[in-house]
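Participant: The domain 'Major facilitator superfamily (MFS) profile' annotation in TrEMBL covers 51-440. Look at TrEMBL and you will find 50-69, 89-108, 117-136, 148-167, 179-199, 211-231, 262-285, 297-316, 328-349, 355-374, 386-408, 414-435 tagged as transmembrane segment.
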């Protein structure tokens, strides 16, 4: 993942000075000594560490629930006689739902607080996961019930990452955002690792239904523990008057924001990385099953994510360090493309696992790159802007997951899919390198709106 931070050595203090003004503040923005109210709302370091661990486990369970279907899709396709195209329709329907709640989740999180949105959504998608086998067995057309179930899962999980971005921009100091986002982001790989290992074993021993039951129940339990321990059992979840630092940008200011080349670049880069990651996540289990039918499922479902977890944590620590030094940070999506292309010609299982592992490890840099860059560009509306990015990424993910199934069935070759992923990755890389920066672009609009 390519990351460009264009702060100079003195940029960190300037960002603190340039916090957006509040209507009730009469003193203006002169002087760096003044502490705005939103700064006082930042978590203390011990509380931030506690939330980091809790959100890490939440993201882990999110991906356990999300990847349960790709893990079980081969067995379900055999049981219900699905073709590759029908399997692609079921897998891709998740991203249709994922598209619709991104912006809404970010907007609501900016207003009420991301932690409340995370809590309610986790309880809902956890229950939906546990209920999935019931829908499959008691519906006369499982293909339709599973497509609907995946669509609803996408709707419910779509608010997760915009809520994280909003919560991080509101509660975490700038110098620690990269660490939190990369650590929490590593939960996606930890969850994929756990469901790939334990889920594969449960699939062989107890059947595919057990994977959904266990994942769903653990997710609901996590939401309950978060509510009781961190939110202290508060009952006021959805009051729009409390929680977040409400974004007051008008439609005119949003249009001005989207005219910024840096904003367009980060959206395009996220679109490309998200769509390629979703495609790999959805189809890699099938690729290994088709290409290496005698291989053990737990091997190719575990090893890539063992590489991805330390890679994600390393990227966060490195990102925070280089941001404080005010230097340019650069991680290349081009290297990921090289190893994706190498998958086209590999004929041995160990090399295929190695190439996939390196690819997934390099992809993890997006958590401490693009996700943090959004908070640099527009901290006043980070959740909403991240929602726009994820909507674009999810929509392209829908098309790529379904189109990949069509390519596999039409050509009988996985090389066409890997070539498509490479082209999309390189396009995102070149766009980001040409236009990306970390200068805050929402502050002028916010000031003008306040002074009207």
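Glycine too: its Cβ is placed from the backbone N, Cα and C atoms.
What's the neighbourhood like for each of these?
Facilitator: Only residues 6 or more beyond the boundaries of the transmembrane segment (50-69), in the same chain, are considered here, and those with a CB under 8 A from a CB of the stretch are 43, 90-91, 94, 118, 122, 125-126, 129, 132, 146, 150, 153, 157, 160, 164, 171, 179-180, 183-192, 194-196, 199, 211-212, 215-216, 218-219, 222, 226, 230, 281.
Sequence-distant contacts of the transmembrane segment (117-136) (same chain, six or more residues past either end, CB-CB distance under 8 Å): 55, 58, 61-62, 65, 68-69, 76, 80, 105, 108-109, 142, 145-146, 148-149, 152-153, 156-157, 159-160, 163-164, 167, 208-209, 212-213, 215-220, 222-224, 226-227, 231, 237-238.
Panel annotation: around the transmembrane segment (148-167), residues 55, 58-59, 62, 65-66, 69, 90-91, 93-106, 108-110, 113-115, 117-118, 121-122, 124-125, 128-129, 131-132, 135-136, 181, 184, 244, 371, 374-375, 382-387, 390, 394 of the same chain, lying at least six beyond its termini, place a Cβ under 8 Å from a Cβ of the stretch.
Beyond its flanks by at least six residues, the transmembrane segment (211-231) meets 50-51, 54, 57-58, 61-62, 64-65, 68, 71-72, 115-116, 118-119, 122-123, 125-133, 195, 199, 202-203 of its own chain at Cβ-Cβ distances under 8 Å.
Counting same-chain residues at least six beyond the ends of the transmembrane segment (386-408), those with a Cβ under 8 angstroms from any Cβ of the stretch are 84-85, 87-89, 91-92, 95-96, 98-100, 102-107, 154, 158, 161-162, 165-166, 266-267, 270-276, 278-279, 282-283, 370-371, 374, 414, 416-417, 420-421, 424.
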Participant: Could you tell me whether the transmembrane segment (262-285) and the transmembrane segment (297-316) are in contact, taking contact to mean 3+ Cβ pairs under 8 Å with a sequence separation of 6 or more?
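Facilitator: Counting Cβ pairs under 8 Å, at least 3, so yes.
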Participant: Should anything in the same chain at least six residues away from the transmembrane segment (262-285) have a Cβ under 8 Å from its Cβ atoms, list it; otherwise answer none.
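Facilitator: Long-range Cβ neighbours of the transmembrane segment (262-285): 1-2, 66-67, 70-71, 73-74, 91-92, 95, 192, 297, 300-301, 304, 333, 340, 356, 359-360, 363, 366, 370, 373-374, 377-378, 385, 388-390, 392-394, 396-397, 399-401, 404-405, 408, 417, 421, 424-425, 427-429, 431-432, 434-439, 441.
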Participant: Across the domain 'Major facilitator superfamily (MFS) profile' (51-440), what does the mean pLDDT come to, as a whole number?
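Facilitator: PLDDT averaged over the stretch: 82.
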